[in-house]
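These features come from TrEMBL:
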| type | residues | note |
| --- | --- | --- |
| BINDING | CYS29, CYS215, HIS240, GLU244 | Zn(2+) binding site |
| BINDING | LYS274 | ATP binding site |
| DOMAIN | 349-411 | domain 'Cysteinyl-tRNA synthetase class Ia DALR' |
| MOTIF | 31-41 | motif ''HIGH' region' |
| MOTIF | 271-275 | motif ''KMSKS' region' |
Amino acid sequence: MTLRLFDSAAREIRDFVPVTPGQVGIYICGLTTQAPPHIGHVRFAVAFDVLRRWLMRGHGYDVTLIRNVTDIDDKILAKSAEAGEDWFALSYRNERLTSEALELLGVLPASYEPRATGHVPEMIELMRVLIEKGHAYPAPDGSGDVYFDVRSWPAYGELTRQKVEDMAAAEDADPRGKHDPRDFALWKGSKPTEPESASWPTPYGVGRPGWHLECSAMARKYLGDTFDIHGGGVDLRFPHHENEQAQSRAAGMGFANYWLHNAWVTISGEKMSKSLGNSLLIAEVTKHARPLAVRYYLTAAHYRSTIEFHAGSLAEAEAAVDRIEGFLRRALPGEHTAQPTGTEILPEDFVAAMDDDLGVSGALAVVHEHVRTGNIALDEDEAEVAAQEARLVIAMTDILGVNPLAPNWSGSDTPGQGEAADALDALVQAQLAARAGARAARDYATADAIRDQLHAVGIQIDDTPTGARWSLVKHGGEN
Ligand SMILES: Nc1ncnc2c1ncn2[C@@H]1O[C@H](COP(=O)(O)OP(=O)(O)OP(=O)(O)O)[C@@H](O)[C@H]1O
Ligand SMILES: [Zn+2]
């Protein structure tokens, strides 16, 4: 069984061979914590969660996944100035919202989530090496900026196959002190308008991390000079990843052996983006579909295919999840939660699909085939066969992060809590039925009173085309 992945540096599918047998190091560029996450922002995390689970469960690798947090940058400073809020408070609030959103969508926690601001010494060391080797220089105007000298590194452009002559100028600093307008900032000197708390001393002046340098420094610290996989959204290929690779290699490191890039979530063909005003926050979307369905929706598309968001396909995802869950609940009555035992022998066609650059649509087709076979077995009173199929479905869906019986979707694996959740659901459903009855009888006062009573105890009701849904009101997580 060989795992094959599309390496966007080589622009071809390559057999995956790790640097160290049995181990895989992955670095993914995390979010710049300038705003609460929208559905596009979390796609990369879901895509790489599937990769990680497959490496671990399908191939038995010991995986170290590092996903950084860019907790300081121009946009964060601009937003904090606008809002009159400390940059670090704004940044940390959005970091927490992002972590909550990822947890809600069943993304396994990273091995570690380093923050840029915590790695200034490592960045200074990288700058020192680059300056010593003649690949970087402090701005001659004493601004505190430090630039990478693109002309000193003939391989610059190799990741995205561009010639330096064809590239636009780097817009990250005043070009006057640069050797070449395409030289990019490793470090950004502080400006008088910026808060003192956003600056750190270096031998080259007081300033703050450049976005590209921070990833090179953090990848090196946690994964070593050469590591296996570097991932991120496709928009990061240039300039961000090109620059990361140039800095690290010019400093003498091997850096990433494979580059994986995920495609966008779009709306009406346009990238979902806060700045374009077409973004849907996770907190919004999960009011209309359960988080498991949203996770399924994001997982079901191949990571290199664009996901064109629309409510209809989210409803289809919900129906697919219901189908899987319905079967599992019938086949495994009494099991509130269920996880793979690790002894299941995965169907060959599932393995083949996943090994082929994470072919999730093929893999999900195998899942649904087994659901069908299992349902037929149940109809024919073959409980044993159905239970076996259910175990396989659990093993396969768990690898994709969409096992409906996984404890994260069902509440908890602590005995008793599943039952408590079921009891609560039964009570709320009875209230919702009474409310629906009152509405049908045009007794809106009673209907509203029921909703208010539920809200008073922390239960939120949302009316959807398929009926009322309830959820526990989240505190402090929706701004
Ligand atoms: N619509 C999207 N689909 C997939 N990935 C996205 C989308 N929007 C942002 N990302 C990813 O999220 C990460 C962080 O993006 P960033 O914080 O720069 O937001 P952005 O691209 O400026 O979006 P916005 O304009 O909404 O703030 C990047 O890795 C980027 O690839
Ligand atoms: Zn990065």
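Glycine too: its Cβ is placed from the backbone N, Cα and C atoms.
What you see is a predicted model, and the numbers here were worked out from it, not measured in a lab.
This view paints the features noted in TrEMBL onto the structure.
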residue: CYS29; record: Zn(2+) binding site; DSSP class: coil
residue: CYS215; record: Zn(2+) binding site; DSSP class: helix
residue: HIS240; record: Zn(2+) binding site; DSSP class: helix
residue: LYS274; record: ATP binding site; DSSP class: helix
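Highlighted in sequence order, TRP211, HIS212, GLU214, SER216, HIS230, GLY232, LEU236, HIS241, ASN243 have their Cβ within 8 Å of the centre of the Cβ atoms of CYS29, CYS215, HIS240, GLU244, the residues recorded for Zn(2+), and are not part of that set. Put simply, the residue listed as 'ATP binding site' is 25 Å from GLU244 (Zn(2+) binding site) when counted between their Cα atoms. Within the set of binding-site residues CYS29, CYS215, LYS274, CYS29, CYS215 have a CB atom less than 6 Å from some atom of ligand 2. Checking the binding-site residues CYS215, HIS240, LYS274 against ligand 1, the ones whose Cβ sits under 6 Å from it are LYS274. On a Cα basis, CYS29 (Zn(2+) binding site) lies 19 Å away from the residue listed as 'ATP binding site'.
Along the motif ''HIGH' region' (31-41), the predicted structure has mean pLDDT 95. In the structure as shown, the Cβ atom of CYS29 (Zn(2+) binding site) sits within 10 Å of 24 other Cβ atoms.
The Cβ of CYS215 (Zn(2+) binding site) lies under 8 Å from the Cβ of TYR27, CYS29, ASN68, HIS240, GLU244, each on the same chain and at least six residues away in sequence. Per-class residue totals from DSSP over the domain 'Cysteinyl-tRNA synthetase class Ia DALR' (349-411), listed helix then strand then coil: 49 helix, 1 strand, 13 coil. Cβ neighbours within 10 Å of GLU244 (Zn(2+) binding site), excluding its own Cβ and spanning all shown chains: 26. Neighbour density for HIS240 (Zn(2+) binding site): within 10 A of its CB lie 17 other CB atoms from the protein chains shown. Of all the Cβ atoms in the protein chains shown, 15 others lie within 10 Å of the Cβ of LYS274 (ATP binding site).
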